[in-house]
Amino acid sequence: MGMTPLEGLMMGTRSGDVDFGAMAWIAKETGQTLSDLERVVNKESGLLGISGLSSDLRVLEKAWHEGHERARLAIKTFVHRIARHIAGHAASLHRLDGIIFTGGIGENSVLIRQLVIDHLGVLGLTLDVEMNKQPNSHGERIISANPSQVICAVIPTNEEKMIALDAIHLGNVKAPVEFA
């Protein structure tokens, strides 16, 4: 994310990175104002704008499996953008040791993890299909196949624990062992 949430990855209703020249052309061709375009790229784009169906990836995954073409396009675009960002960071770092899938989509979407890893095969990633299919209740797990040049894992988030740990640290509080 840059100055606004628009920079970076496409989201549920946000476009992600967009060429300013394209926005200027749209404004000129349609007569839309900057405010109009800002509303469109923040509230009417992303997964919703491409699919014409929903900003909720769970809805789009169901539609994907039912053959809904625009849902498929939205998911393919989303995955392409994720893979492009990961590959760009790997190039900047001159290496890639691992990829962690976390958060709502990363923890719960078998399809997105599979498609992202498939896109990044050129970087030496290989998916263990059965481990990828394990439900999130199985907790932390490696989903890359053996051998894979890059480790891929699913790590569930625990925001409440992290907030508690930060509060303990900032307050210099003696905490029970389970929080340390």
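Each residue, glycine too, has its Cβ placed from N, Cα and C.
As recorded in TrEMBL, the features of this protein are as follows:
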BINDING   Asp56, Leu57, Arg58, Gly104, Ile105, Gly106, Glu107, Asn108  ATP binding site
BINDING   Glu159  Mg(2+) binding site
SITE      Arg14  site 'Transition state stabilizer'
Provide, as an integer number of angstrom, the distance between the C-alpha atoms of Gly104 (ATP binding site) and Glu159 (Mg(2+) binding site).
12
Under 8 Å by Cβ from Leu57 (ATP binding site), same chain, sequence gap 6 or more:
Gly12, Leu47, Ile75, Phe78, Ile105, Ser109, Ile112
Have a look at the recorded positions (Arg14, Arg58) and report the one with the fewest Cβ neighbours inside 10 Å.
Arg58
Arg14 (site 'Transition state stabilizer'): secondary structure state under DSSP, collapsed to three categories:
coil
Any idea what the Cα distance is from Glu107 (ATP binding site) over to Arg14 (site 'Transition state stabilizer'), rounded to a whole Å?
21
Out of these binding-site residues, Asp56, Glu107, Glu159, which one has the fewest other C-beta atoms within 10 Å of its own C-beta?
Glu159
Determine, for the ATP site, the additional residues of the same chain whose CB lies within 8 Å of the mean position of the CB atoms of Asp56, Leu57, Arg58, Gly104, Ile105, Gly106, Glu107, Asn108; present them in sequence order.
Gly103, Ser109, Ile112
Distance between Asn108 (ATP binding site) and Glu159 (Mg(2+) binding site) at the Cα atoms, whole Å?
16
Sequence-distant neighbours of Gly106 (ATP binding site) in its chain (C-beta under 8 A, six or more apart):
Ile100, Ile112, Arg113, Val154
